[in-house]
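Encoded as C-alpha cells, the structure appears first; notes follow it.
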Amino acid sequence: MIDVRVQSSVFDVGEEQRYLLAGRCDIGAVVTFTGLVRDVNERPDVQALSLEHYPGMTEAALRDIAEQATSRWPLEGVRIVHRVGRLSPSDPIVMVMVASAHRRAAFDACDFLMDHLKTRAPFWKKEHTASGTYWVSARDSDVRAADRWEEA
Amino acid sequence: MSLTHLNARGEAHMVDVGDKAETQREAVASGRIVMRPDTLALLAEGGLPKGDVLATARIAGIQAAKRTHELIPLCHALLLSKVSVDFRLDEAASCVHVESRCRLAGRTGVEMEALTAVSVACLTLYDMCKAVDKDMTIDGVCLEHKTGGKSGEWHRAAEEVPATREASETPPVGVAAIRVKFLAELRERLDTEEVEVPVASLKSLDVASLKAALEARDSRFAALSAARILCAVDHAMAHDDTTLREGDEVAFFPPVTGG
C-alpha cells in the first residue's frame, strides 16, 4: 500500500503506475506529481544539482508522511520515489503517486504529500552553476504551504 | 631467511639478477579507499569536479607501475608485459576496491609494481575526491598473490574483511556516548561530519545539554543553537527537551530543501 524509495537511478512513472495498479480493479483515480530539475533557480544558470539525504531518517520520514495521508484520505496506494546524487536540468527528481477510488482524495493527498515532503523529509540540494556552488535555501512559501494542512 | 636487499655487511644493495632464470611472473595487489556514501555516489555518477575519476586513477596506477624503480630505491627497471588496474565500487562498505595485476617474463618479481600501482591509484582517487570528502582513508594495501620465480606461487591466506568505517567509529564497548552527526551545509560550515560526546559530559540527558556540551568543547558549535538548525534523535525530529539515551544517534541539519 505504501512504498517509499530513495535512489540515485532514474525512475519511470509508467512503470511505477503499473506496479501500483497491478491486479487492482477498485482504483478509480491515480494522481502523480513529478518534480524536475530546472536550470533556473536561485541563479539563472544551474548546470547540475546534487542531492544529499540522511539515510535511515529519510525513509522513515517519507513513510510517516504517507501514513498521515492514508489516515486522512481513503487511499488505495501511495508510492514515493526521491532521487539523490548528482542530477542535471530536466532530470526527474521526485515522484509522488497516489491512488484512490475517486479523484478528489487522490488530488488532495498528492498535494499534501508534496507539501510535507518539502518541509519534513531530510533532503538538501546543492546547486552547481557557472558562477559557483551553493546550498539551496529553504523557502518560507514551502513552510506556509505545509502549514495550511494543519487541522484546527 | 634473509633480506636480499642487504649485503653481507648489512648495507642496502641492488640484487644482481643477471644469473636468475627468466620466468613468467605475475603479481596481484589490492587495496581500498573508504569514503562517505555520498562521495561514492558522486564518483559513481561522474559528478566530481575533477571529472572522470576512475579513468584518471587507472592511468595513474599504470604509469606508477612503470616507474616503480624511480620510487623504490633498490627496485630494478622492468619491461612489464601487462599492467591492469581495476576498480570495484562497494556501496555496502562505502569504498572503492582497487586491484592491480602486473606481468612480465623476467628475472625479478613484479609485486612492487602491483603494490605501487594500487597505492598511486588510491592516492589519485583521494586527490580527485578530496574537494568533497577530506575524511577518506586508504587502507588494506597488500599483495594478493604472486607466481613465477624461485619462490614459486604465493597466495595470501584468506582473512576476515577489514571493518568498515562505520563499524570502526562505533564507540568502544563500555564507553557510554552519544553519536552526533552534522549534515549538508552545516557539516561543511563546521567542517565536521561526526563527533562522539561522552554521556558523562552531559548535565542532563537531553538535546539542550548536548548542545551545551558541544559548545563547551568548541565555540563553533554555538551555531547549533540558531533557530533554523533542526535536530533529529534516532531518525525522528526532536527539540531541545527531547530526552537522549546512551548510544543514540543525534543529527543536526539546516532546513530541508528536497522535492
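Glycine residues also receive a Cβ, built from the backbone N, Cα and C atoms like all the rest.
Note that this is a predicted model, so its numbers are computed, not measured.
Listed in TrEMBL:
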{"type": "ACT_SITE", "residues": "B:Asp127", "note": "active site"}
{"type": "BINDING", "residues": "B:Leu74, B:Cys75, B:His76, B:Met112, B:Glu113", "note": "substrate binding site"}
{"type": "DOMAIN", "residues": "B:14-149", "note": "domain 'Molybdopterin cofactor biosynthesis C (MoaC)'"}
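Proximity of B:His76 (substrate binding site) to non-local residues of its own chain (separation of 6 or more, Cβ distance below 8 Å) is seen for B:Met14, B:Val17, B:His69, B:Thr108, given in sequence order.
Helix, strand and coil counts under DSSP for the domain 'Molybdopterin cofactor biosynthesis C (MoaC)' (B:14-149) come to 46 helix, 44 strand, 46 coil. You'll find the Cα of B:Leu74 (substrate binding site) roughly 28 Å from the Cα of B:Asp127 (active site). Taking every protein chain shown into account, B:Leu74, B:Met112 are the binding-site residues, and of these the Cβ with the most other Cβ atoms within 10 Å belongs to B:Met112. All chains included, 19 other C-beta atoms sit within 10 angstroms of the C-beta of B:Cys75 (substrate binding site). Our reading of the substrate binding annotation (B:Leu74, B:Cys75, B:His76, B:Met112, B:Glu113) yields a largest Cα to Cα distance of 13 angstrom. Other than the site residues B:Leu74, B:Cys75, B:His76, B:Met112, B:Glu113, same-chain residues with C-beta atoms no more than 8 angstroms from the centre of those residues' C-beta atoms, the substrate site, are B:Thr68, B:His69, B:Ile72, B:Leu78, B:Thr108. Comparing the recorded positions B:Glu113, B:Asp127 on other C-beta atoms within 10 angstroms of each C-beta gives the minimum for B:Asp127.
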